[in-house]
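**Q** The structure's right below; bear with me while I get my questions together.
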């Protein structure tokens, strides 16, 4: 973890405004769509983390205990999934072949557990909604040359970032930067 470098914030102009280009992804080519999402997650990760943190702080201001409960449940389920994937070959293959289903399974399990505990609304608005917004942006944002260069450095191991480690835990390390 010592060699992990936080990436720089991308300008608002690059992230959302003037020079940002958006396009609906080709849903018939899932590999290309997945590649776009992964590379945008790597390139804009600081902006995504800041956006999610801002949203979490707003929700946490109004419902702090439920947010802590929801975050604890999601983190524990995610860590349990990563542990199981590292120790069971079947789960590891499933994680690598179906990353979207794995994320949906983690979020769905969190939702079910929180519905029993009573923190569903906070989970939906404080945790699931920021993830949904990040995935939508990563899906529709077209890549530029600087984005491609940064992702290539990440994929060959010259730079290690928090999102790179998260994607690696979800079994997407082989696709980053391609």
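Placement of Cβ uses the backbone N, Cα and C atoms for every residue, glycine included.
Pulled from TrEMBL, these are the listed features:
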- 41-61: transmembrane segment (TRANSMEM)
- 67-85: transmembrane segment (TRANSMEM)
- 97-114: transmembrane segment (TRANSMEM)
- 120-140: transmembrane segment (TRANSMEM)
**Q** For the transmembrane segment (67-85), which partner among 41-61, 97-114, 120-140 gives the most CB pairs under 8 Å?
**A** 97-114
**Q** Which sequence-distant residues neighbour the transmembrane segment (41-61)? Criterion: at least 6 residues beyond either end, Cβ under 8 Å.
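**A** The answer is 6-10, 15, 67-68, 71, 122, 125-127, 129-131, 133-134, 137-138, 141, 143, 147, 150-151, 154, 161-164, 167, 176-177.
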